[in-house]
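Visitor: Please find one structure pasted underneath; my questions will follow.
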Amino acid sequence: MQQLRLLHGGDYNPEQWLDRPDILAQDIELMKKAHVNTVTLGVFSWSTLEPQEGVFELDWLADIIHNLYANGIYTILATPSAARPAWMAHQYPEVRRVRADRVRELYNRRQNYCYTSPVYREKVRIIDQKLAQRFGNDPAVLLWHISNEMSGDCHCELCQAAFRRWLKARYNSLEALNKAWNARFWSHDYTAWEQIESPAPQGENAVQGLALDWKRFVSDRHIDFLKFERDTVKEFAPVAKFTVNMMYRFDGIDYFKMSKEIDVASWDNYPTWHKPSETVEETALDTALMHDLYYSMKGRPFLLMESSPSFTNWQPISKQKRPGIAELAALQTVAHGSDSVLYFQWRASRGAEEKLHGAVIGHDGREDARPFRETVGVGQKLEVLSEIATVCRKKQAAIVHDWENKWALEGSCGPRNAGMGYWDELKLHYNALAREGIAVEFVNQESDLTGYGLVVVPMVYLLTDAFAQKLCDFARNGGTVVVTYWTGVVDESDLCRLGDTPYGLTDLLGLRRTEIDGMYDGETCRCTPMDDSTLPETQASVLCEVASLNDTDPATPLSVYAEDYYVNCPAVAVHSYGEGRAYYLASRFDEAFYRAFYRAAVKEVGLTPAWPEALPDGVLAARRGTFVFVQNCNEHPVEVGGVALNRYGTAVWKNGEQVL
């Protein structure tokens, strides 16, 4: 992908306005006023591109692409597979998904095709070939956008057969499969491959190895479909670059694995600003976490593919962004490694599901409306910051986020079926580091840990042998590891590890887990620091692990439980290991604890914050290369470094000189 500047623009749906050439002409003029340089086309255009089977109409798309290009606007071209035409669903029922209850869906909505269907793949291949033949080497096309927000699963007979083939390839024999699934439990041994079905509400749901493998299979099916589309386009456009838009906290696809098959990661960001239960800073931190996650997919700049310029219409409450929030969010995106600020949608649709969704241009078509004016302002600032395009962030700290671990953790029965709060745990560690101005990346168990000073291992319930060794090597060579409760419990098949746990980490931590106690919602246990510790008194919640120090080379407790039968057992401990050290957190603590813990850890490890001084509450700083962004998430002005920041204001420095 030719990357000359920060991309600004978004989803454009001219197929909805082909009968209004005046509106199409107005769009071009308004895009130029808004400093738009890129639009995404074709995401939901299949019924216009192929209104009848085998009848293709691409001239209108060519006219749009080339008119945009003549006005300095590039195209990100989507393959239209996310939403098939009605004629196809009617004529070929197999393309419609079958739900987990084994009922085939009627024609409806989007992202609900059978990814295994040979018919569907053939129809997708044909339309993708037509697009690639026409636009594959067109200089106006900057990037190819494969499908849209891939998601969901299909339980049809085609997918059942594909699942069994996938299992045969993974296990080679039923004996190995039964052992991996511990299928002898409740007498569930399988004696023929045909006996195996995907999980169902009226079927098997007690064999967690089956459920875990089904999630792996579904993820692999989506990735296989992505590769199929990508390779179809590449037949006619060998130098084309590809992306697929990922989603906030989406559980159904291993995005680390998917990202290996694309050239640039991208995601769709729709935070709920101004929630009664959350400050603007907390919403900004939650968003920053996701930006850093998608930066981590490739370890280099990503694209923000979708965001609302004002509000959504599918969340419980459609809350308008207050003045200044659109700019705050856009510049935060760039600060955390994005090379784009793209919106859904450019012009509001007149009807159907998203007619009331926010857009740069509303139904009134006015350029003096606030969303348009704020979009103009963002575009101007992105041009000032154009030199930041392609600049990477310095490695400092990493947090382990592994999709297979999350699937296994949340699929397990016990020890807290009321919810383990996986994302809540990650946020506590992330927020504390981000408030210190530390660049955070996310890794999975296959990642290389080289270059990080600190690695956080939160609730890595499914821990592989290789990653346990990798953590030990990291600490031995001078790194700092933070391991939380409920880590190192099971293997890749969700089988409990035998022997001392956390599995593979007892020597690293200088202790072993002996018991785990689930806590009721609202229940806490007081923890007190040791006399020589700088940690604050805190409250433990969710789960309390009881640990016993090793007989030889034991860990040093920094804080202990002060209540219940585990009084005086370590709640927090540290252990020197080789040239580095490892911390053990036996429970989930309050926010103040993590602020204090990571403030000390950052200094101990020698990580350099983005801003050299303590920032006022509600102010966040992030570094990207030689650029430093400081953002005021408060509703009142603050002063930082002699610069006055208005409500929701942002200041940017490059090499110490203010540029924004």
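The backbone N, Cα and C atoms fix where each Cβ goes, and this holds for glycine too.
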Visitor: TrEMBL has Arg110, Trp314 binding substrate. Which one of Asn71, Asn148 is in the same site?
Guide: Asn148
Visitor: Given the Zn(2+) site residues Cys114, Cys154, Cys156, Cys159, which other residues of that chain have a Cβ within 8 Å of the mean position of their Cβ atoms, reported in sequence order?
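Guide: Apart from Cys114, Cys154, Cys156, Cys159, the close residues are Arg97, Val98, Tyr115, Thr116, Ser117, Asp153, His155, Glu157, Leu158.
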Visitor: Let me know the DSSP-derived helix, strand or coil state of Cys114 (Zn(2+) binding site), please.
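Guide: Assignment for Cys114 (Zn(2+) binding site) reads coil.
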Visitor: To the nearest whole angstrom, state the Cα distance for the pair Cys114 (Zn(2+) binding site) and Asn148 (substrate binding site).
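Guide: Approximately 15 Å lies between the Cα of Cys114 (Zn(2+) binding site) and that of Asn148 (substrate binding site).
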Visitor: What other residues of the same chain, not counting Arg110, Asn148, Trp314, have a CB atom within 8 A of the CB centroid of the substrate site?
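Guide: Here the nearby residues are Ala82, Ala83, Arg109, Gln111, Glu149.
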Visitor: What does the structure give for the C-alpha distance between Trp314 (substrate binding site) and Glu306 (active site, nucleophile)? Integer Å is fine.
Guide: 15
Visitor: Give me the CA-CA distance between Asn148 (substrate binding site) and Cys156 (Zn(2+) binding site), in Å, as a whole number.
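Guide: The Cα atom of Asn148 (substrate binding site) is 22 Å away from the Cα atom of Cys156 (Zn(2+) binding site).
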